[in-house]
Every structure is written in C-alpha cells, then in structure tokens.
C-alpha cells in the first residue's frame, strides 16, 4: 500500500497532509475508514518550516504489535532517511501503520495502554477498590480468621501469636513493595505473579513459577472450601444431622460448594465481582460482631465453654505459648500463613483492571494494612476473653471463697469461679485450644459468625478459583509449554478461560477429598512462598542490573529490602516444612531446566539479559588488562565459510575446536558497491546467526563489504576464488601473526550451488502445490473454463521442478553432500595422524588433542609423525615421547621418518610438473629479450629460476605426499604442518602448487601453522 502522505513523483520533497496533534481521522491499516479512532501521523511542516520525512515524538511509535488501544505507527528507518532520495529520484518509505496482527482482539492484548479503554464491547474493567482492595481483603480474610485464629493464639500464646502475624505481614509487605515497583515499571497484562516474574527474570523463571503458582491457587480453592465444609459439618453435628460421618460429610459438602462456585465463575467476572461485594458486606458485619460480642456480659453457658469478658489475668495467662500435640512455632506459622497469601488476588486479574499500575500498589498495600490490623485486633480480643481449656459443663463451678486454692494451668478460670482442672488429665472439647468455633461463641450473635465464616471461606475460594485459571491462561498464551496451548483459548467478551476453570475444578476436588485443613494448608504455603521469593528477587535483580529501562513509578522500595524478603521467604519455606521446600525447589528447578532446554521463542527484555550483558562487558574489559598466558590459551577461530551453511564441514570442524573452549567467528565477504550489497548484508546478519543458533553452533556471524576481493582480503582476510587472492589471505594471516588452518577434502567444501538448487526446487514445488490447490478450489466451484490453462502452467512448473540431472552430476552432488556432514557424525575407530614437521608453538599438536576430547572423535587415537635423522631414530622417538609426556598428551604411537630427504619417484614428480605446466614461464628456452618480455607480461607465472632456487623445498612437498599416501591413507583425519613461502620470493602459483601436491589424493587433511608462540606448556 502507498502512503497518501507522500508524493512519489520526481525528486521533490514529499507532501504531507495538514493535520494537528489533536485532530484525527477514521482509517484502518489499509487506508479505508472503519469507524475506529486513530490519530494520523502529524505533519511536521508547521514545526520545522519545511517538509521532512522525520517524525515528531508520538506514542504510536512505541506501541507493541497487536495493540488494541491504537495502531502502531512505523517511523522511517535511519536507512530510509539517509538514502530515500538516492533511489532513482523516487521515495521509498515503508507504510506508517501496521495492521493489527497477532491479536485476538481482546483488551488483554493491549500491552501498552495506560488509559482506560472505552467499554464499547461491554468488557468489564475494575478500579483499585473493587478490583484490588476488596479482592485482596476478601482473600486474606479467609478461613483462618474465624476457624483457626483462636487456635493459633492458643498454641503460640498472644506473645508469639503477634510474632506469627508480624512475620506474615513482613513477608507480604516486602513482597507488596517489590510487586509495586515491578508493576509500575511498564504496563501490566493479565497473569499476576507469573507475568511479573516472567517479564522481569525471563521465561525460565516465569514459566516454572507460573505453573507452581497456578497450582497453588487451585489447591487454595480446596483449602477454603474445606474450611467452609468444616463449619457446615459442625452445625450438622450440633443438630444431630450428620449424613454419613464427619470426614465424608466434609467431602460431600466441599464438592457441592465448589460446583456452585464454578458456576458463578463461569458466569463471568461481572457476576463474580457482584458476589464478592455481597460477601464483603457480610464479612465486615461478622468482624464487627466479634468485637461487639467480647463486650457483652458472658452467659453461664459461655463461661462453661471458656469465654469470659475482658480479664487481665486471662490475658496474661494466654501470653506464653502452650504447644500441644507435637505442634511448634513454625508448624503453627505454617497453618496460619496461607491466611496472608491473598495479596496477589488483585494482581492475578491485572488484565481486568482499568489501570493496573495505579491500582495494584495502592490496593494491595492498603489491604495488607487493614487485614493485618484486623487479625491482630480479633486475636488479642479473643486472647483477653477466652481461656485455653474448658469443659463446657455448667456444673463445674467453684463455691464462693474457694478461689484461694486456684493454681495450675487454669488459674484465671478458677478465679472466675470455674473449675476446669479435669482438662489437665483428659482432653476437653472447649476453649481456644480445642474448639474451632470459638468465634461463634464469643460473638454477639452466633449465626452472624457462621455467615461470616461462610463469607470468608467462599469469597477466598471464589477469588482463588478465578485467579488460578487467569494465571494459567496467561502462561499458556505465551506458549512456553507447547503442550498446554489448549488452555490458552478464552471465551466471551472477557476472554474467560473456561477450560482453565474446569482444570482448576478437577484439581480442587482432588484435594477436597483429603478433607483435612491442617494437611492442605502447609502444602500451598511453600508454593506461595516460592512465588513471593521470586517476586522479591525479581525486584532486586532488576535494580541490581541498573538497566536504563528500570524506571518504576513507585519509589518506596529498596533493592536490599527486596533481597531480604527473598531470603526470608526461602528461610520460612524450610522452617515450615523442609521436605516440602525441597520438593518445591526440585519441581521449580525441573521446570526451569525444561524451559531452558526448550528455549521458547520469546524476548521480554528481562533483567537476566541485562545482567548477562553487563557481566560480559565487565569480563571483556577485565581481560584487556591481563596479558595472555599460555596455560589459558583457547582457540579463537575466524572461519572463512562465506554463508555458514555453504561450507558445513569447515564450520563443523572449527566448532569441534571451539565448543566450550573458545571463540568461533564465521565470516562472509559481499563484493560490490556498498549501496547494492548493504541490503543483503543486513538481511544476512540475522538470518545466518539464527541458522547458527538453530544448528546449535556456538559461533558468531560477521560480514564485510568491499568493492573488490583484494580489498576484502586486507579488511577481513576473507576466502576468495582466485589463486592470488587465496594466497594473499594466507600472507595476510602470517603478517598479522595469526595461526592458520587450511582444510582440504577431495570432494570439496562448498555446497552453495546444491543449497541454492534445493531452495529453488522447494520454492517451485510450493508454487506447484499452490496451483494445484487453486485449481482444485476452482474445480469444486465449477469454474472449469480456466482448467486447461492451469494444467499447462502446472505441467511447465513440474518440468522445471523435476528437471533431470546427468548421473555423473547426481553422484558427485551426493558425495559432496555426504562429505559435507562428515564431521557431524561420530567418527569410527581409527586414527588422527599428526605430521608435526615444524615447531610452530604447539598448535599443530594442540588442535588434534582437542578433537580427541570430543564425543565424535573419542574412538580416534593420535599417531605422531616426526622427521628424524638416519641413525638416531630411537633417540628422536625417545625425545618426542618425553616431550609429549610432559605435555600430558595421550598418543597411540610415534613414527620417526628418516627418509624424508629422499627425492620423490618419477611418477610423483611427473604429476607435479603436469600440475604447474599451465603456469610456467619457460624462459630458459627463450632468448634473453623474449624472456624479459615474458616476465614483464606475466609476472605471476612460475619461472625456471624460481623452480631451481626452491627445488629442495618443492621436492620435500612431493616426497611428503608420497609418505602420507604410504602411512596415513586409512586415517580418519590427517594433520600436517603447513609450509611457509617467503613473501615476494615465492610466486603465488608455486606456493599454491606446494599446498595442492602436499594434500592431493588423501583423506580429509588439515594444514596447520601456529603463530610460533607457545600454546603448550609443561609448567604448573
């Protein structure tokens, strides 16, 4: 599509539509109106006084793809601004607005909207009170408030009971501060703790904790429903209406309750929110009823059950702990702590909030404060009015004046005129330690507490039942676990996760079968604490990374406080239940490793990436101040592959040297004018690096542009086709004192022509398939009028795709492709023959040793070949053996070649002469004048004088080939010291002939020449 804002004719600057910043027009991404409001890219003529392609700052340039709050505008690229008027006088600019692709059209996809959306589609959005404060308070005021709080303070005493509540509040407050910092550092989507952690620490941590957190919320549904069922069963027991037995009645009532809650949840967020408001009102009335009840004079029946009005002696008697039945401080804390885990109830539905950045900090922290004060107030009131043990027998009174004999554990009750001493020898049913329904007894009107208990448990269960599917849906949408993609689909205007609701229901029912609140509560405590630990660590890690993108609007946090919160959470996990903590960490580590191995295709700009970058820079800078040491030598290979996939054998062998050892850099040269090749370079950078990553090659890709190949040789020492350029690369490497490796394989290394043909064939085959589909569709529609022409085009395409090749070409290509993957396969039993002719610092020996440490070459043994003098073969072998032992390099055998100086046989010499014949000058048989003219016209040819001068060195290369043929013909790989030609003394063609004849008709052969600096040492 063309942009209407540009004039495409001539070299004149483009014309813009005159618009204002506040003005707008109705348009879609295709330039047609659809009634949606979208601000057109504003003209900058009025701002700068002239037409320009540059754009003024605008929020639309910073939107993510798929935004539903507005279309993402595309600013002109730097390249377009730089050369837009240089392309034949015509403007070439990309579209300014992208279509909304990849969005399912739900508000949850609006990643960047910070302004409340107009609810034209009926989507429900909540403010900070209804969406966060109410939801968090209801979730925190859960089953513990009316059923277990009195028991906690009975066991721990109000002294340690305050510590239990305070410790819980410290954990939740620090986590709330960390969460506030994270959620105000950018727009928050749905997903709660999963979203916060994954976007901060990356998919590995987020994916692992997301599953755990969603599962914990699902189990929490069971915990709250079991608490509700316990209260109902107690009522049934009081009225002798037990259906089967207490345990099975809890299961029956729990399952019925969770079915009803599921119906409310599936009905939609709006119905769920209305239900929450009603439950909150009941809960507030019930809490007030507790405070009122403690001030109403106690009846005789209540006194017999341990309730008296405010009494200082009762209060002080309840101060110290009285742990029973094997309970400890931490076991009591483990049972209470789930009561504080509702702080993420608002964050879990962050996708349904109008402004999560403002609502989450305000609502969550205020909810922690209100509920903490409430828990403390209710607990202290009960501790000041209820004794630990009571018989419930109204006849257990003490006659007036007999209180002087009061002693023991029930002194306060005795002084009130009641004798509960029998509780010391046998268990009683009443008192804060024995009766879970103490709150009902204390209150002014008992049924209100029952209603409050129902409200607290059901509201918390409802919140958890909504939270678990929402978090799970967000996790599945990110497709971190591909097998769970099924649960990502939403339904209705609010994108409700119906499938997630069903899964949560199944998990909840499974745990309801346990029917024991004290068993279920510790299970989820560790899961929630693990989530809180990672939220705190996320805040610390983001602050520690000091990334410029870490700019939270909420300022009241501290990175060290967040770290303290993370450590505290981890510590509390172990003191609550050490084996459950280990199990939680084992599950988390397993999921972390799984996600790491799978490498999901996501990039969220996590703090882990930021720290990795900073660490890499700091480590690189620290190395610049340290001189290289021979003990720390690692191969750093610049591999002249061209495009990496063009020479796979060369890349695979280099990768064997550098994997987990050193650095591998694949290089490609683009020859031609910069303006023509720049596009190919930019396109190839990402494509080739992705290919390396896909093939699991730990290497980097680099490219360079040059007008000619010779220039490229000097800028990057890249591979070239011509002999002079090829040899020039070797000379450049020697000049720069680089170690040099040349690989030769008889079938060749370059398979680019095969890859190109294969890609072309696949493209044409796809075209043929598309034509057949189109033809079939037309045939089904009865449009047979075009069938003949379609068939003709298909036949022509088929002939192109299936163009036959000669058998010889097919065989050659098959061999080439097979050999190109030779080093990807495990090498069979055999040898790596190392012909260490010259001491180059040890590189010729170290590289094959590294190969033997790889799995592919572990069955290959090293054989060492050295040149020796006649008559001292054993002495030379012993010296080499001693050297290898000092280097701690294993070998299979040492061969000393003492006849290396012999002249090659006539056949070998004839082969060499035939090789160089087309490049010889033959000036010896010409007159002096003619010879000078030939040298001047053909300076690159091999002269007779040059052959005479380097006759011995030439003979050595030919003779070495004979010895290689004789001794190493069956080797898996041959390593030979590379001969060096003095620059300016040996012609390029003669040097190339040496390398050619040396490696001719051999298995894969590597010529190696180190930079003559030691890479091996025998010192510690």
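Any Cβ shown, glycine's included, is placed from N, Cα and C.
Curation plays no part in TrEMBL annotations; they are all automatic predictions.
Looking up the ranges 76-98, 99-121, 306-328, 329-351 in TrEMBL, the one annotated as transmembrane segment turns out to be 329-351. With a cut-off of 8 Å between Cβ atoms, the residues of this chain six or more beyond the transmembrane segment (329-351) that come close are 107-108, 126, 131-133, 135-145, 148-149, 152, 155-156, 160, 163-165, 167-169, 171-172, 175-176, 179, 183, 188-193, 195-196, 217, 220, 223, 269, 321, 323, 359-360, 363-364, 367-368, 371, 375, 460, 463-464, 466-467, 470-471, 474, 517-518, 521-522, 524-525, 528-529, 531, 572, 575-577.
Beyond its flanks by at least six residues, the transmembrane segment (527-545) meets 171-172, 174-175, 177-179, 181-182, 185, 193, 196-197, 200-201, 205, 209, 212-213, 215-216, 219, 337-338, 341, 344, 557, 559-560, 562-563, 565-566, 569-570, 572-573, 576, 584-585, 588, 607-608, 610-611, 614 of its own chain at Cβ-Cβ distances under 8 Å. When Cβ distances are compared across the two stretches, the transmembrane segment (363-387) makes contact with the transmembrane segment (132-153), since 3 or more pairs at least 6 residues apart fall below 8 angstroms. Distant neighbours of the transmembrane segment (159-188): 111-114, 152-153, 195-196, 199-200, 319-321, 329, 332-333, 336-337, 339-341, 343-344, 347, 350, 356-357, 360-361, 364-365, 368, 372, 375-376, 379, 383, 529, 532, 535-536, 538-540, 542-543, 549-554, 556-558, 561-562, 564-565, 568-569, 572; these residues of the same chain sit at least 6 beyond its ends, with a Cβ under 8 Å from one of its Cβ atoms.
When averaged over the domain 'Amino acid permease N-terminal' (39-101), pLDDT in the model lands at 57. Sequence-distant neighbours of the transmembrane segment (501-521) (same chain, 6+ residues past either end, Cβ-Cβ under 8 Å): 143, 147-148, 215, 217-219, 221-223, 225-227, 229-230, 247-248, 250-251, 254-255, 258-259, 262, 265-266, 334-335, 337-338, 465, 468-469, 472, 487. Here the transmembrane segment (132-153) lies next to the transmembrane segment (279-298) in space: the count of CB pairs under 8 Å, restricted to residues six or more apart, reaches at least 3.
With Cβ pairs under 8 Å as the measure, the transmembrane segment (209-229) is packed most heavily against 445-468, out of 249-267, 279-298, 445-468.
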